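For reference, the structure is listed below as structure tokens.
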Amino acid sequence: MVLLLPWLFIILWLENAQAQLEDEGNFYSENVSRILDNLLEGYDNRLRPGFGGAVTEVKTDIYVTSFGPVSDVEMEYTMDVFFRQTWTDERLKFKGPAEILSLNNLMVSKIWTPDTFFRNGKKSIAHNMTTPNKLFRLMQNGTILYTMRLTINADCPMRLVNFPMDGHACPLKFGSYAYPKTEIIYTWKKGPLYSVEVPEESSSLLQYDLIGQTVSSETIKSNTGEYVIMTVYFHLQRKMGYFMIQIYTPCIMTVILSQVSFWINKESVPARTVFGITTVLTMTTLSISARHSLPKVSYATAMDWFIAVCFAFVFSALIEFAAVNYFTNLQSQKAERQAQTAATPPVAKSKASESLQAEIVVHSDSKYHLKKRISSLTLPIVPSSEASKALSRTPILKSTPVSPPLLLPATGGTSKIDQYSRILFPVAFAGFNLVYWIVYLSKDTMEVSSTVE
């Protein structure tokens with residue numbers, strides 16, 4: 001029994017301590033509830049803090065949890081953020097056991113909150129799963145921290161003159177909807193450098209690199225007063241990889257393929273025609289597909305200029321073959337006319353060839369005469385030996401020599417136009433590429449954002 005007494009004493013002490021803790025917990029919760037009830041008693045959430053007196057200052061900062069995607073066609077972007085606002089309400093000062101009271105979203109509806117809205121937002125969503133994603137903290141000096149999780153779809157004006165070597169500054173503008181700057185002003189809580197945080201893992205962009213962000217504030221005038229507008233610029237630089245693979249490389253290869261026809265014999269009309277028509281159709285298809293990922297802007301982009309020049313080279317190669325074929329036919333016809341003009345005129349038949357008739361008298365033992373006429377073009381066959389002797393005594397007529405057929409000058413081989421084109425076309429295309437890439441890659445294509453502090 002003596003040994004059990006210490007253990008009984010320890011058990012009783014622990015039970016007493018636990019009861020004290022429970023009493024303190026109940027007292028703490030009852031005290032906090034009493035504090036909140038006292039704060040809300042007579043509180044009018046229709047009036048801003050300092051109504052009729054000092055200007056209410058709302059400090060803001062943004063934490064981006066997900067940035068993207070960015071749509072070029074719609075000129076908009078989407079991001080998921082924690083939007084934080086901090087202000088001081090003198091009516092909510094308290095003294096109690098805790099310096100900070102962490103409360104749920106039910107408290108938000110009972111106090112005054114800023115009427116912040118996004119000026120260039122197309123669609124914004126406040127997340128409510130599984131409960132409204134809102135954080136509310138109240139400090140003893142009346143300072144309030146109010147955080148919401150939002151998905152914002154905002155407008156991003158783009159000028160695509162340098163596409164696809166372009167960069168854009170997509171803004172996010174917000175401010176008070178109803179209160180002018182004489183009643184509410186917005187400031188950056190952590191200063192202009194650290195008030196907007198975008199972790200590297202938050203960016204989920206396929207065609208862009210998020211290279212940074214800048215903040216600014218400005219005052220705009222309207223019929224209802226002057227309002228303070230806070231702006232965040234997200235600087236995006238487009239990636240070139242996709243367009244190099246899908247557009248630029250096929251265009252360059254098509255132009256090179258069109259110039260292969262300069263090395264094909266000019267007499268191979270079907271082969272060169274197929275080269276020309278195929279490359280022209282290919283360039284047409286590439287130009288159409290390149291526009292699918294762009295809005296229907298009224299000006300030419302950098303890629304449009306490149307495709308247009310490539311199309312001009314391909315079309316010029318087809319025109320070059322038409323010129324070669326035309327001048328080849330012209331040369332052939334001219335050579336034929338010259339050959340006909342330079343030919344020897346036909347020789348007139350001599351009297352001997354027309355009227356000369358040889359009379360051969362053949363004597364035989366039967367004492368009769370046989371006369372036979374032969375022309376100068378045929379030689380008779382006389383079986384008689386005496387006739388052969390008589391024929392041998394007859395003078396031999398020489399036939400008129402026949403001139404050989406006329407030979408036209410050869411029109412095959414390589415045309416001088418082809419010879420010049422083999423050099424001029426590749427050199428001109430290489431020079432164009434050199435100038436094009438130097439100009440656009442060395443150019444600062446990032447859009448300048450206004451930073452009025």
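Here the Cβ of each residue, glycine as well, is placed from N, Cα and C on the backbone.
Annotation source Swiss-Prot lists signal peptide at 1-19, citing sequence analysis.
Regional average pLDDT for the topological domain 'Extracellular' (20-243) in the model is 91. Annotation source Swiss-Prot lists topological domain 'Extracellular' at 20-243 (among others).
Secondary structure at N31 (N-linked glycosylation site), as computed by DSSP, is helix. Counting every protein chain shown, 13 other Cβ atoms lie within 10 Å of the Cβ of N31 (N-linked glycosylation site). Taken from Swiss-Prot, the feature N-linked glycosylation site covers N31 (among others).
Look at Swiss-Prot and you will find R84, T147 tagged as 4-aminobutanoate binding site. Within 10 Å of the Cβ of R84 (4-aminobutanoate binding site) there are 17 other Cβ atoms, across all protein chains. A strand conformation is recorded for R84 (4-aminobutanoate binding site) in the three-state DSSP classification.
Here Swiss-Prot flags N128 (among others) as N-linked glycosylation site. In this view, N128 (N-linked glycosylation site) is surrounded by 11 other Cβ atoms within 10 Å of its Cβ, with every protein chain counted.
Here Swiss-Prot flags N141 (among others) as N-linked glycosylation site, drawing on sequence analysis. Close to N141 (N-linked glycosylation site) in the fold, though at least 6 residues off in sequence, lie T88, K93, each with a CB less than 8 Å from its CB.
According to Swiss-Prot, the disulfide bond annotation covers C156-C170, on the basis of similarity to another entry. Shown in sequence order, V70, M75, E76, Y77, H168, C170, P171 are the residues of the chain, 6+ apart in sequence, with a C-beta less than 8 angstroms from the C-beta of C156 (disulfide bond). Secondary structure from DSSP puts C156 (disulfide bond) in coil.
Using a Cβ-Cβ cut-off under 8 Å and counting only residues 6 or more beyond its ends in the same chain, the transmembrane segment (244-264) has close neighbours at 271-272, 275-276, 279, 282-283, 286, 289-290, 303, 306-307, 310, 313-314, 317-318, 320-321, 418, 421-422, 425-426, 429, 433. Taken from Swiss-Prot, the feature transmembrane segment applies to 244-264 (among others).
Feature annotation from Swiss-Prot assigns topological domain 'Cytoplasmic' to 265-270 (among others); the stated evidence is a curator's inference.
According to Swiss-Prot, the transmembrane segment annotation covers 271-290 (among others).
Annotated topological domain 'Extracellular' per Swiss-Prot: 291-304 (among others), in sequence order, evidence recorded as a curator's inference. Below 8 angstroms of C-beta separation, residues 72-75, 160-166, 243, 247-248, 440 of the same chain, each at least six residues beyond the ends of the topological domain 'Extracellular' (291-304), sit close to that stretch.
Residues of the same chain lying 6 or more positions beyond the ends of the transmembrane segment (305-325) and with a Cβ under 8 Å from any Cβ of it are 247-248, 251-252, 254-255, 258-259, 261-262, 266, 269, 272-273, 275-277, 279-280, 282-284, 286-287, 290, 415, 417-418, 421, 425, 428-429, 432, 436. Among the features that Swiss-Prot reports, transmembrane segment is placed at 305-325 (among others), with the record citing sequence analysis.
Residues or ranges marked as topological domain 'Cytoplasmic' by Swiss-Prot on the basis of a curator's inference: 326-422 (among others).
What Swiss-Prot records for S375 is phosphoserine.
Marked as transmembrane segment by Swiss-Prot: 423-443 (among others). Listed by sequence, the residues of this chain that lie at least six past the ends of the transmembrane segment (423-443) yet keep a Cβ under 8 A from its Cβ atoms are 162, 165, 252, 255, 259, 262, 302, 305-306, 309, 313, 316-317, 320.
Annotated topological domain 'Extracellular' per Swiss-Prot: 444-453 (among others), in sequence order, evidence recorded as a curator's inference.
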At the Cα level, what's the spacing in Å between N31 (N-linked glycosylation site) and R84 (4-aminobutanoate binding site), rounded?
28
Restricting to the same chain and to residues at least six past its boundaries, which positions have a Cβ under 8 Å from a Cβ of the transmembrane segment (271-290)?
246-247, 250-251, 254-255, 257-258, 260-261, 264, 303-304, 307, 310-311, 314-315, 317-318, 321
Tell me the Cβ contacts of T147 (4-aminobutanoate binding site) under 8 Å, same chain only and six or more apart in sequence, or just say none.
F82, F83, R84, Q85, K134, L135, F136
Please classify the secondary structure at T147 (4-aminobutanoate binding site) using three-state DSSP.
strand
